[in-house]
Every structure is written in structure tokens, then in C-alpha cells.
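Positions annotated as region 'Disordered' by TrEMBL: 1-47. The compositional bias 'Polar residues' annotation in TrEMBL covers 1-26. Positions annotated as transmembrane segment by TrEMBL: 189-217, 247-270, 282-301, 308-332, 352-375, 396-418, 451-471, 492-511, 517-535, 556-574, 580-599.
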Amino acid sequence: MPTSSPFDTTNASSYHHQDTLTNGNYHQDDEHSSLLGGNHHGFASTSEERGSINYYGQQEVQQMTPEATQSSFLQWNLKNSEGTFCEMQEREMLKEHEQALAEWELEQKNKTFYQRWCPSFDFMTSCFRGCRGSDENPIVDDGTAELHVQRTDARPQIVPESLKPKKEHKLGELFATAICGNDITSSCLYVIGVCISYAGIWAPICLLMVSFLLFLFRSIYAEVGSAITLNGASYTLLLNTTSKKTASLAACLTIISYIATAVVSGTSAIEYLKNIPYCEHIPLIPSTVILLGIFAFLNLIGISESAFAAAIIFVFHIASLSILTVYGFLYVSATNSFEMLQRNWQLSSASFSALGIVKSIFFGFGAAMLGVTGFESSANFIEQQKPGVFPKTLRNMWTLVSFFNPVLCFISLCALPLSQLTDPKQNASLLSQVGRASAGPWLQILLSFDAALVLSGGVLTAYVGIVGLVRQMSMDRALPAFFLQVNSFRKTNHFIIILFFVLCASMVTILNGDIDALSGVYTIAFLSVMMLFAMGDFLLKYKRGQIKRDRRAKKSVIVIAIIGVGTALLANILENPEYLKYFFIYYAICAVTVLAMFWRVKIMKFIIYLVYSKLKEWNIAKSVTNRILKFLVRQAKDVNSQSFIYFAKNDAISMLNKAVLYVRENELTDWIKIVHVYKTAKSEEEHIEQQKLISRLKNDCKTLDEIYPRMRIDFVAIESEKGFGPDIIRLIESRFGIRKNLMFISCPSVKFKVSDLGGVRIITNDHQN
């Protein structure tokens, strides 16, 4: 290749870089190919079985001034002291390009050639960047580098750790049910009193209506879980069926739900703890804050949820509720306590008009929905469950709630007068009072201890859940990256834990420990999440119908479920509209943070404009102004420098265009790699067809690169013996350093389960992909 000046603006052409590994030798060939001038893009082709890599286009892109975009395109043809060649195009010229060039050359010198032996693919992978010229690997006259790689079958087959699928112990039915069952079964400790306060004698009917609605949601959650077997529940579902912004704003509801979970569970735990001797006079609000702080500390030092501990608590809790049920029925039958039920009935007779009954059931149904909070928790750790366990956990949770909630509510109406059941000071720890009336102080103490234990476990579950959700959103760039920072002491995400504690403590203080108000905020958030989940299942049917799934919910079931949840949500809002104020305060905090992440580049550009135009005009602190401008420009470039991958199976340019549009609208980047993975050809005709397809894809990418001049569009072709699959995704993740959650595909065929691909996002509905 003829030598040229490092800065040659006479022609806009691309650099064709090809590496080939055959018969133990590693070759590099260079050639020039014409490109559409002026666009910064690259095209690559990788044949992994043979170890060959073709990369078309520039390796690095630098920022340019607006003046340069109107005049010419700068092409850099670089050769460093190590014999590495790279050709780049720029759309803008920096005034300090010489310094940028020196930094790039230094980076190339620090890179080393390495090789991996991967028996799962039976090929050698090699990194061609930074190849070193030497006696064994000479630089030939045309500018190519030739390296000799020894390959023998006797070499130990060592798989890099980054390419190994992680093995982890999966949870069986008991342990999985215990983790999520503690959440949903603990709700009966506070929901029965709240429901009776609104519905009176009709409370058991309201709880049975909730059981029916939950039965409908069993099939909805089961379908979504079989189609998208990934942690994250509603966030993951909406991320794969709608836009990233919609999924992130919906995730804010889940964050509010976690906050309310911790607060309601902590407050209720203290209320029950006050029924134990010597604990009667502990202050509610300070004790709740201290309890939240204890679990924040436990999470900071790395003590999180244990399946074995959860199972012990679960068994103890179910045993305690069963004892209460047995003694409750014995008390009712032995003392003829149906008289108490009759008196409660008479006290409610004033509202026995048709309108009064409908009103009581309507608002009681809305309050009773608090009793199914936690039903979605199983979907948050579905990846850790054995195959087939998830629908069983849904069945088990529904069975427990359908039995204990209405039965214990009926026993409560038979054991205690309605005035005591509706007393706000009593219904926070209602079941302990029922236990005392049924069997004496010993059962009250047992139930109080059980309630304090299982509700405290709910606080711990909220901490674990919020850490997982915020980490995932931060990795998806929907929340600030500093949330991913871990402390050097215990390697835990301290920023997430501390901020969550502050939000929970503030909610307890603002609402003054009012269990009804706390439950109202909790219910609004939880019902919103359930409604979005049902809507997400509709979108899953319509937009991602090809995804392999074992179960399907009928559309009529989804419609009835949405109507039911909408009715309960409306009941809560109409009964206590003031709770919306507290809900929106916390939702606004989360939503503003998420929206700021989506608009952060625009915000930085606006600040740059203000700083440059105003401060410079006023001539105030010039050195400080320059530092601010440089910092903001550097931050904006860092945000947009993250590359994303889209896997393309065919050359349908409409689908490629959809992928580019999705990235432009949902991600802050100007760089996308379009990757095509194809199987090794078994015949010459098949090989020719593959090369034709690759050529068409290259042309499509060139066309898209011209349509979207602000985007860098690279093309990579990879040949694999097994074709596209989880193994090749792990390899690409290792090669390019791009996380799986930053890789996109069209709706996969029934051959793959989404969970097998390790979190790759579905962004379009391609019947051919």
C-alpha cells in the first residue's frame, strides 16, 4: 500500500482490513474499496471457524468542528512504530488533532496480540489490533503484517472464563415459593383490618373477588414468564415490547412499590412487636426508621436474602396462620360466636341499601387488593428458578392467599366487635388481637413474633429487589452509572442502599407512620405495575407473537384482568385522593431522574451554550469557564461513544432501518455495529450465496450510513459452525467488550428462548429473524 501523509483530505475511501488464520499461519491483507464519501462507518467480516476477520472502515472516530462538515472530510491513514495500520474518516476536525493522534498511537502501542482456544466452537480467535512486527512476524512491503501462530491438537483446551456460561444453583419449588410466599402471605397481617374498615361485613366477599382476579393473573404471569424468562418482571417485559423510555418510567412505579413495601412492612412489624410483653411502649416512627436502618446496614455488609432462611420463616409463618385458623374455628364453634357475627351484621344494616352495598364492596375491593402485593416478586428472580417452577410458585401463592385471607377475615368478624376491627389503632395488628380472643395471650405473642419476623423479611426483600432493579436500569443507561459503584469493603452497591433508606425513612416521617396512608400509596403503585404487566402481555401477543412460550393466556382473560385492576385503582384514588399527592412526590423524584438520563446530552449542550455565550461575553472566570466547557464536551462525547450491536439475519433494509431508528430514539449513541452470523457453508453454491448476502448487507449499511450522517454504522460478518446462538453472543461480548444488554435482535424464531440469549433485547418484529 503506498504511503501517504497522516492527513490526506483528497479522497474519502475506506480501509479494508482482512486477517486470516489458516494452517497455523496468521495473515493480514490490505486493500482499498470505495465508500460513500463523508460518512464515518466501518464494515467487518469475521470467520471464526477458520479464524478469519474482515473489518471494513475506520477504527476510531474523532470530533470535528461544524465548519469541517461543510467543506471536506478528513481521512487519516495511520502507521505506528509497531506496524499497525488504521484508516479513519472524520466528520469534524478538532483544533487539537495532533494531540488526539498522539494519544491514539500510544493506545495502539499498549495493545497486545492475544489468542484464545475455544473448544465449544472449535476455532482460534485472535485480536488483530496492535499486531507487532518482528522477525517472526515481519512487516511486508505492502504494509501488511504477517504473524505465525502455532496450533497443535496437543495444546490444552482452555476456555476463557468470560466465555464460560456461569453455573448456579437453581431454586426448587419450596425455596422459590418461600421467597415470594413470605411477601404475599404476610399481607394478610395488615390487609384484613384495612379491608374491614372500608367494606365492613362484606370484607370476605371483597377478598374472594381479589382471589378470582389473582387467578386470572396466574395465566398472564405464566405466559410472560415462559416467553421472557428473565429477571425484572414488568421492566423487562416492557423493555422488550415497548420503548426504553416507557419501560423505564414504568420501572419507577416498581421502585415506588419497593419503597412502600419496606415502609408498610416495617411499620406493621413494629405495630405487632408492641403486642409482645416489655415492648408495648416503643415509639412507632423512630423504631421503624431504626428497623429500616438495620436492614440497610445488613445489605451494606453483604447479608442479603437466603433461600434456606426464607424457607424456615415461611414454614413457621404458615404454621402460625394454620394454628390461628384452627383455634379460631374452635373458638367460634365452642362459644357460639356467630352471635358476634350477627351483631356486626346488625351494625352494618344501616348501609344495606343497594347503593350502600355496592359502595362498600367497591371500596373494600380496592383496599383488599393490598393483599396480593408480592405476587409479582416471583417474576423478579425467575432466572434463579428451575424449569417449570415459576408457574408452580404462582399456583402456590394463589392457593395460600385464596384460603387464608377470606377465612381469617371471617374468623375476625366472628371473634371481635366491628368497632374494634375498624379502629385504626387496633387493625394494624388485628390478627394478634384475634389470636388473643381465640386462644389467649400465648397465641397473641406467637402471632406477634411471627408477624414481626415475616414482615421484617419483607423489608429485606425490598432492599434486595431495589438493588437488583436499579443495577439493571443503570446497566441499561436509564439511571446514573454511579449506582453501579461498589465499596471496597464488602463489594455492595452502597449508593443504592443508602438512597433507598433515605427515601423510606422520609416516607415514614412524612406520613407519620399512618398505616392506611402508607397502604394507599403502596396499593396505587402496585396496582399500576399490575395493570402495566397485563398490558405488556397484550403487546407480547401482538408484537412478539413468534417468541417461544409454553403457556398462553386468553385475550378475554387479559381484558377482564385489566378492568379488574383498573376498578381497584379507581376505588383507591376516589376513596383517598390525598394519597395521590404523596404518591406523585416520590414518583416525580424517580421519573425526573430517569428523564434527565435520557435528556442528559441535550442538557449538557444547553449548559455549554449558556456557558460559552454568556460567561464568555461577560468575561467572568475565563479559565474556569474553559474547564467547564471541556468537562461538558468530554462527558457528552463519552455518553455518545458507547457502541451497540444489532444482529441481522438477512439483508432486509427495512429491518435494518428499524434497528437504526430504534437506537437513535432510545439510546444516547452515534455508533451501531450491525452483525451478521452465518453457518459454515457445506457446498460451494452455499458459500457463494453467503458471500452475496454479505455483499448486499454491506451495501445496505453504506446506504444507511448515508441516510444517517450523524451515526457511525459498522458491519461485522461472523462465520460459525453452529450459527447464531448463545455461544456466539458470549464470544462477541468478549471480543468487542459490549455487554449483552446492549445487544439487540429482531423477534427470534421458536428455535431460541429469549432467556438462552442472556439478556439480549428484542426491538423489532421480524418474521424472518
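Quick reminder: no glycine exception, Cβ is built from N, Cα and C everywhere.
Counting only same-chain residues 6+ beyond the ends of the transmembrane segment (247-270), those with a CB under 8 A from a CB of the stretch are 183, 186, 189-190, 233-235, 238-239, 282, 284, 287-288, 291-292, 295, 373-374, 428-429, 451-452, 455-456, 458-459, 461-463, 465-466, 469-470, 473, 476, 478-479, 500, 503-504, 507-508, 511, 513, 515, 518-519, 521-522, 525-526, 528-529, 532, 583, 586-587, 590-591, 594-595, 597-598. If you look at the transmembrane segment (189-217) against the transmembrane segment (556-574), you find at least three C-beta pairs under 8 angstroms, all six or more positions apart, and that counts as contact. Packing against the transmembrane segment (517-535) from elsewhere in the chain are residues 190-191, 194, 217, 220-221, 224, 233-234, 237-238, 250, 253-254, 256-257, 260-261, 263-264, 267, 366-367, 369-370, 373, 375-376, 507-508, 511, 558, 561-562, 565-566, 568-569, 572-573, 576, 579-580, 582-583, 586-587: each is 6 or more residues past its ends and has a CB under 8 Å from a CB in it. Long-range Cβ contacts of the transmembrane segment (492-511) within its own chain (Cβ-Cβ under 8 Å, at least 6 residues beyond either end) map to 258-260, 262-263, 266-267, 285, 288-289, 292-293, 296, 299-302, 462-463, 466-467, 470-471, 482-486, 517-518, 521, 582, 586, 589. Long-range Cβ contacts of the transmembrane segment (556-574) within its own chain (Cβ-Cβ under 8 Å, at least 6 residues beyond either end) map to 213, 216-217, 219-220, 362-363, 365-369, 520, 523-524, 527-528, 530-531, 534-535, 537-538, 580. In this chain, the transmembrane segment (282-301) lies apart from the transmembrane segment (580-599): fewer than three C-beta pairs between them fall below 8 angstroms, excluding pairs fewer than 6 positions apart.
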